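The structure under discussion appears below in the form of structure tokens.
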Ligand code: TRP
């Protein structure tokens, strides 16, 4: 389907192209690195359950909200809020988003750098040039981290330079199916290994007694992170979207693809964790506590690949880390696109200059993180776990009470002629005005201890 509408900002080439790009933004390290780590350190199945609820009850409605704001205004997140209201306060929501994007990208490139370096580690290992012993220690090698982060940022900037549509659409089209294929084959292999049952049970049987305020808070943060929500990435992507597209339908596809891939990653990594011992990796302490840290998958997955025959291990190990690097790249692109489009639109800077300046600036933070990887956890907590739901709350509030759902529904009707008689129209406003913002607000207040403080007063 050719793009008939013309817009100076560039547009997606086709409907599938947009879904692929948004899914490319969603699917990344969040699904395969962050999600399994969160599951493993937050009570397995209980976390999975709350995560799924957050994705569908909060994530999906917010995704529709972001896309509709973006398409309506044809702007970056800061400009979008300026366009819809004359109140000077609201563009701050966009600024907060830009800041979260910058900070998330700064550590994301470091983890993406590890992923890419593992392509080579795997090759060297199977060629017998690298021993397993000093393999993982490399993760805290600052110089090496710096080099790989720089490579990754360079790749991201060079794609952003070409504009939004071509590179991302093409890369994602083949990437996603192959990644799913590898995950499924590896899950098949893992299920026949001794000990798999424990991992599957831990993952799929929710232990309701594990559900706690911190668990819910982490699950909500994970839902926002994984779906690329709360910082205006999808306002920006929505601004490249044509009026012919059905936004709720596209958002549904993106949500399902993202949740599906995260679910598969859990099915692979949870059992693999429990058999890691037999592969020679210890991830549990003496007392049986999980030594979960940000780098869990960088130990468990290679151990799994190394338990295969040399040829199979080489094929799966190398292609897995290569594909994951590419999945990370389609995500870093969306993270960098937000500040870049902001500077292009609002300060009239050329795309090339904007991308290089911002990419370069963020790289400086990445280099600092490269030498002190303990910063990752802190920055991730502030700007992902807290920052993104906060942004999501403000977006719900803005759409529901400032721009109003009536205006949003009018925008959504383009490309969705049957909207008027749909269940979506009946339900979405309730989620955007009440359920999603209240759930987020409650959890944020709970996290800073305000809820228990208020309870004590009575
Ligand atoms: N969703 C991506 C992942 O799961 C990360 C990401 C890309 C992101 N763009 C974003 C997270 C925007 C929050 C906001 O890896």
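Heads up, the Cβ atoms here are built off N, Cα and C, so glycines get one too.
Automated prediction, rather than curation, is the source of TrEMBL annotations.
As recorded in TrEMBL:
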- 12-33: transmembrane segment (TRANSMEM)
- 45-69: transmembrane segment (TRANSMEM)
- 89-111: transmembrane segment (TRANSMEM)
- 146-162: transmembrane segment (TRANSMEM)
- 174-192: transmembrane segment (TRANSMEM)
- 212-238: transmembrane segment (TRANSMEM)
- 250-270: transmembrane segment (TRANSMEM)
- 315-336: transmembrane segment (TRANSMEM)
- 356-375: transmembrane segment (TRANSMEM)
- 382-403: transmembrane segment (TRANSMEM)
- 423-445: transmembrane segment (TRANSMEM)
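Proximity of the transmembrane segment (382-403) to the transmembrane segment (212-238) is established through 3 or more Cβ-Cβ distances under 8 Å for residue pairs spaced 6 or more apart.
In this chain, the transmembrane segment (45-69) touches the transmembrane segment (423-445); three or more CB pairs sit within less than 8 A of each other, excluding pairs fewer than 6 residues apart.
Away from its own ends, the transmembrane segment (146-162) comes close to residues 109-110, 112-114, 116-117, 168, 325, 328-329, 332-333, 336-337, 340, 351-352, 355-356, 359, 362-363, 366-367, 369-371 of its chain (Cβ-Cβ under 8 Å, at least six residues beyond either end). Simply put, out of 45-69, 212-238, 315-336, 45-69 has the most Cβ pairs sitting under 8 Å from the transmembrane segment (250-270).
With Cβ pairs under 8 Å as the measure, the transmembrane segment (12-33) is packed most heavily against 212-238, out of 89-111, 174-192, 212-238. A Cβ distance under 8 Å defines the sequence-distant neighbours of the transmembrane segment (212-238), meaning residues of its chain 6+ beyond its ends; these are 18, 21-22, 25-26, 30-31, 34-35, 38, 42-43, 46-47, 50-51, 53-55, 58-59, 62-63, 66-71, 73, 75-77, 80, 93-94, 96-98, 100-101, 104, 164, 247, 254-255, 258-259, 262, 331, 334-335, 337-338, 341, 384-392, 395, 439-440, 443, 446-447. If one looks beyond the transmembrane segment (174-192) by at least 6 residues along the same chain, the residues whose Cβ comes under 8 Å of a Cβ in the stretch are 20, 23-24, 27, 199-200, 257, 260-261, 264-265, 267-268, 271-272, 275, 304, 308, 316, 319-320, 323-324, 326-327, 330.
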